[in-house]
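Visitor: Pulled these from TrEMBL:
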- C11-C42: disulfide bond (DISULFID)
- C21-C32: disulfide bond (DISULFID)
- C43-C59: disulfide bond (DISULFID)
Amino acid sequence: LSEDLKTDPPCHPRACAIQSCIQKNNYQEAKCQKEIDALYECCNAFYKEKGDEASTVSCPKASLLRLKMKQRSEGV
């Protein structure tokens with residue numbers, strides 16, 4: 001996680017892993033949940049470290065990220 005936070009842009013390797021997974025699985029996002037969770041974990045750490053006003057192209061805005069994480073934890 002700490003390595004992925006240091007990349008430029010932050011969390012970029014994890015975003016790329018999602019794209020790669022989706023392409024390998026004929027664009028079936030459901031087969032890439034592990035990669036999506038890994039990106040959200042990285043993005044959440046990014047916002048904890050830099051604040052909610054920070055931004056990186058690899059992550060959704062902080063408020064949207066939290067909504068998506070909440071939905072995933074609730075199985076939505």
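In case you wondered, yes, glycine gets a Cβ from its N, Cα and C as well.
Buried or exposed, and what's around them? Tell me for each listed feature.
Guide: Other C-beta atoms found within 10 angstroms of the C-beta of C11 (disulfide bond) number 24, with every protein chain shown included.
In sequence order, I18, C21, I22, N25 are the residues of the chain that are 6 or more apart from C32 (disulfide bond) and have a CB within less than 8 Å of its CB.
In sequence order, C11, T56, S58, C59, P60, L65 are the residues of the chain that are 6 or more apart from C43 (disulfide bond) and have a CB within less than 8 Å of its CB.
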Visitor: Determine the most Cβ-crowded residue among the disulfide-bonded residues C21, C42, using a 10 Å radius around each Cβ and all protein chains in the structure.
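Guide: Result for the most crowded candidate: C42.
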Visitor: Tell me the Cβ neighbour count for C59 (disulfide bond), meaning other Cβ atoms within 10 Å of its Cβ, over all protein chains shown.
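Guide: Step by step: centre on the Cβ of C59 (disulfide bond), count other Cβ atoms within 10 Å, giving 23.
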